[in-house]
Structures are given as structure tokens and as C-alpha cells.
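Notes to accompany the following structure.
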């Protein structure tokens with residue numbers, strides 16, 4: 001009974017750590033990504049009215065669209081700045097303090113959003129979008145690092161996958177709060193945009209009560225006592241000797257090394273495989289077409305005969321699909337491994353994307369294929385949530401050692417935001433140029449992601465960070481790993497004879 005009680009307390013602290021980091025972390029990314037869709041027309045009207053009040057003339061339609069495009073695209077631009085800021089913050093302040101300090105951007109953005117209409121300034125909305133982007137860029141890099149370093153090795157994958165769950169939860173919550181019946185109306189949109197303050201306040205209230213990453217405390221700060229105290233809170237009062245020994249081994253391996261800079265990752269031969277995997281699979285996640293499915297969903301639902309007033313509820317269903325599969329992946333990742341989820345996810349996405357393309361091509365001949373296309377949208381999102389959505393985010397945490405991990409997260413984050421910006425910019429032109437075949441380029445990306453994972457990505461399930469580093473070193477230098485042939489016992493005996 002005492003052991004069970006200790007296990008319960010241990011699980012409770014770890015769960016609270018996950019929730020406190022997630023609610024103000026990747027939840028904010030998903031939430032701010034989705035809430036901007038609901039007030040599109042209202043913000044465009046506000047921009048036009050504001051300009052007319054200042055100059056006496058309304059904005060031309062193409063300039064209204066340009067202003068709106070700037071408001072939307074400043075979010076990934078801010079995310080890029082945040083990703084570049086995440087590494088230095090994680091090294092200087094630590095993982096937990098960085099997440100707390102990061103809320104400064106959310107508070108500032110919420111104030112700008114809340115008073116933008118009273119001030120008659122659409123520039124405040126633009127600046128606010130830039131700031132919430134910076135917040136999302138920092139948290140999306142530091143949260144998986146913090147949770148991955150705080151979790152025991154047998155739960156590390158599941159704990160790190162919780163970042164994907166909070167992203168999907170943020171998307172769904174943003175879709176729900178943005179309903180016309182709630183904050184999606186013409187008068188309430190400043191409150192809708194400013195509602196990002198709520199998850200930030202929850203994190204500020206809860207995260208200070210929880211421990212810092214034990215790895216950061218020992219390896220970066222050299223504070224053994226603080227590390228042991230953090231481990232006791234996270235693991236309970238059981239035997240911590242084995243885990244502490246593993247941390248000391250990693251500390252010894254990093255002794256005398258300084259934190260790597262992002263560009264040094266590309267110069268170091270021993271990190272070539274890890275960096276290639278990060279770039280290839282990170283790019284594949286953003287270029288696989290999932291975000292474009294969200295953009296195309298409303299038009300497909302409209303063509304399939306879904307009433308205009310009900311389309312917003314159908315779109316909530318797409319976000320719920322990703323949330324469901326993120327939870328399932330979190331449960332099964334430590335049983336089936338990372339490689340299986342990635343290969344399976346990309347393979348299923350290729351399958352559903354192909355059927356989706358065929359369905360669009362046949363819609364004029366067979367009207368029922370529109371319902372098939374609608375089903376493929378849900379299946380595509382489900383397949384994305386199974387693997388790529390969550391597993392890709394933990395690669396930077398698991399494939400790199402303590403000295404290279406912050407720089408790897410910066411590279412991964414910067415890459416993700418650049419790709420997100422390019423896809424958002426280029427998708428309308430792809431849709432216009434390729435028509436029904438718009439998903440063919442994305443299908444090629446999915447096939448490449450599955451093949452690369454099968455051929456080059458090692459399995460990290462159930463391994464310590466030190467074991468993963470040693471395996472990657474053997475793969476990078478296979479000749480050194482084999483050792484010289486003259487060391488075998490038979491050669492030595494024959495020499496002696």
C-alpha cells in the first residue's frame with residue numbers, strides 16, 4: 001500500500017508537470033493557430049473602417065487582403081524568431097524558467113489585442129500576432145526538451161508525445177471558442193484574440209511549484225543536490241542510484257564541452273546522421289499537406305452539401321480527429337516504437353491522399369465521390385496524428401546529447417516555421433495550378449518520409465540518452481565500431497605460437 005501510494009504521488013507530480021508545461025506551451029501554438037480563422041471577415045472590416053476613418057477613403061480590396069495576409073503571416077514569422085531565441089534561453093535560464101519568462105510575450109499580446117478596437121489600430125493586432133508567434137516558437141522547442149529530460153526512460157516517448165496532444169487540444173479549443181455562438185461574433189473578436197491570456201495565466205500559477213529538469217541541473221549547472229531533489233519529486237523516494245549513475249555518465253561524456261551553436265551541428269561529422277534526420281523528417285511533417293487539408297476542408301464540405309451554418313462544426317471534427325490520434329499515439333508509442341508510428345503514419349497518408357485525388361477527379365461523373373473525399377480528409381488527419389504529428393517533435397530531444405540539444409531544437413523550430421510560412425504562401429498557387437491534382441506533390445513527400453524513416457532512422461524506444469548517443473556514433477563511424485581485426489583471440493594465439 002505504501003509503495004502504491006508513492007507510485008501514485010510520483011505519477012501525479014509528473015502529470016502536473018506535463019499539464020503545466022503543455023497548457024502554456026504547445027497548447028498556445030494550436031490555440032492561436034486556429035482562433036484566427038473565425039474572425040477573418042470581422043478583422044478585415046475593422047481594418048477597412050480604421051483606414052477610412054484615418055484617410056477618408058476605403059482600402060481597395062487587394063490591400064485589405066494584403067493587410068489580412070500580413071496579420072496571418074506575422075504569426076509564423078514570430079515563431080521563427082522564437083525558435084532562434086529558444087536555445088539561448090534554455091541554456092541561460094534553464095528549461096522551466098524559460099517557459100515562465102516566455103509568458104511575457106502572451107501578456108503583451110493579449111493587452112494589444114484587447115484594446116486594438118478601442119484604439120482604432122490594426123497595427124496592434126499585427127504586433128500582437130508577432131508576439132504570440134514568438135511565444136509559440138519558444139515553447140514548441142523548450143517544452144519537449146523539458147519534458148523529455150524530466151521523464152524516466154521507459155515513459156520518455158509518451159511524455160514527450162504529450163506536446164502533440166496539447167497542440168491538437170489547442171486547435172480544437174480554438175475552433176470551439178471561435179464559434180459564432182461564443183466569441184466568434186462581430187463584437188467579441190478582440191476578446192477572442194485576447195483569450196490566449198488564460199492558458200498563460202494558468203502556467204504562471206502552476207509551473208513555479210514544479211521541479212526543473214534534473215538533467216539541466218546536473219549537467220549544465222553541476223548542482224548534484226538540486227538534481228537529486230528534483231529526481232525525488234519526480235520519481236518518489238525509491239531507488240534513484242541507477243538513474244543518477246546514468247546522468248553522471250552523460251555528465252562525464254559532456255565534461256569540458258560547451259553548448260554547441262546551431263551552425264556547428266552541420267559541421268560536425270558525428271552529428272551528420274542526426275542533423276539529416278532532423279531536417280528531412282522535420283521538413284516532411286510540414287510539407288506533407290496536413291495543414292493544407294485544414295485549408296481545403298471547408299470548400300470540400302461546402303461542395304459535399306454540408307449547410308454553410310454547419311461547416312464550422314464539421315471543421316471542429318477535423319481538429320478532434322487529430323486530438324484523438326495524438327492521445328492514442330501517446331499510449332502506444334512505448335509499445336510499438338517511433339519508427340513504426342512514423343512509417344505507418346506516412347504510408348496511410350499516402351493511401352488516403354491518393355484516394356482523395358481520385359475522388360476529386362471523379363466528382364463530376366460520380367457525385368457520391370464528394371462524400372468519399374470528405375471521409376478521406378478525416379482519415380488523412382487521423383493518419384497524420386498517429387505518427388508524424390507527435391513523433392517528429394521528439395527527435396531533437398532524443399537524437400542529440402545535452403550539449404547539442406538546445407541548438408538542435410533551434411534548427412528544428414526554425415525549419416518548421418519557415419516551412420509553415422512557405423506552405424501557407426504557396427498553397428493557393430498550387431491549388432490554382434494543379435486543381436484536382438493539388439495533393440500529388442504532398443504524396444511524394446509522404447512516400448519520401450516513410451522510406452527515409454525505414455532506411456536511416458534508428459529506434460530509440462526504451463534507451464537512455466547515453467545509449468542512443470553510442471548507437472548513433474556506431475552508425476556514423478561503422479569502421480571504428482568494428483575495431484581492428486588483429487585483436488581477435490585466434491590471431492594472438494597464432495602469433496605466440
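Cβ atoms here come from the backbone N, Cα and C positions, even for glycine.
No curator has checked TrEMBL annotations; they are predicted automatically.
These figures come from a predicted structure and were not determined experimentally.
What TrEMBL says about this protein:
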- 18-461: domain 'Major facilitator superfamily (MFS) profile' (DOMAIN)
- 12-31: transmembrane segment (TRANSMEM)
- 65-87: transmembrane segment (TRANSMEM)
- 99-116: transmembrane segment (TRANSMEM)
- 122-143: transmembrane segment (TRANSMEM)
- 155-177: transmembrane segment (TRANSMEM)
- 311-333: transmembrane segment (TRANSMEM)
- 340-362: transmembrane segment (TRANSMEM)
- 368-395: transmembrane segment (TRANSMEM)
- 407-431: transmembrane segment (TRANSMEM)
- 437-457: transmembrane segment (TRANSMEM)
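Of the Cβ pairs linking the transmembrane segment (407-431) with the transmembrane segment (122-143) and spaced 6 or more residues apart, 3 or more are under 8 Å, so the two regions touch. A mean pLDDT of 84 is what the model gives for the domain 'Major facilitator superfamily (MFS) profile' (18-461). Counting C-beta pairs under 8 angstroms (sequence separation of 6 or more), the transmembrane segment (368-395) reaches the transmembrane segment (311-333) with 3 or more such pairs.
Of the Cβ pairs linking the transmembrane segment (155-177) with the transmembrane segment (12-31) and spaced 6 or more residues apart, 3 or more are under 8 Å, so the two regions touch. Residues 34, 38, 157-158, 161-162, 164-165, 167-169, 171-172, 175-176, 178-180, 184, 293-294, 297-298, 301-302, 341, 377-378, 381-387, 389-391, 461 of the same chain sit 6 or more residues outside the transmembrane segment (311-333) yet have a Cβ under 8 Å from a Cβ within it.
Below 8 angstroms of C-beta separation, residues 79, 99, 102-103, 106, 132, 135-136, 139-140, 142-143, 146-147, 150-151, 155, 159, 162-174, 196, 199-200, 202-204, 206-207, 209-211, 233-234 of the same chain, each at least six residues beyond the ends of the transmembrane segment (12-31), sit close to that stretch. Looking at which of 99-116, 122-143, 437-457 has the most CB pairs under 8 Å to the transmembrane segment (65-87), the answer is the stretch 122-143.
Among residues of the same chain six or more beyond the transmembrane segment (122-143), those with a C-beta under 8 A of the stretch's C-beta atoms are 21-22, 24-26, 28-29, 32-33, 36, 43, 46-47, 50-51, 67, 70-72, 74-87, 89-90, 95, 98-99, 102-103, 105-106, 108-110, 112-113, 115-116, 163, 193, 196, 200, 393, 396, 409-410, 412-413, 416-417.
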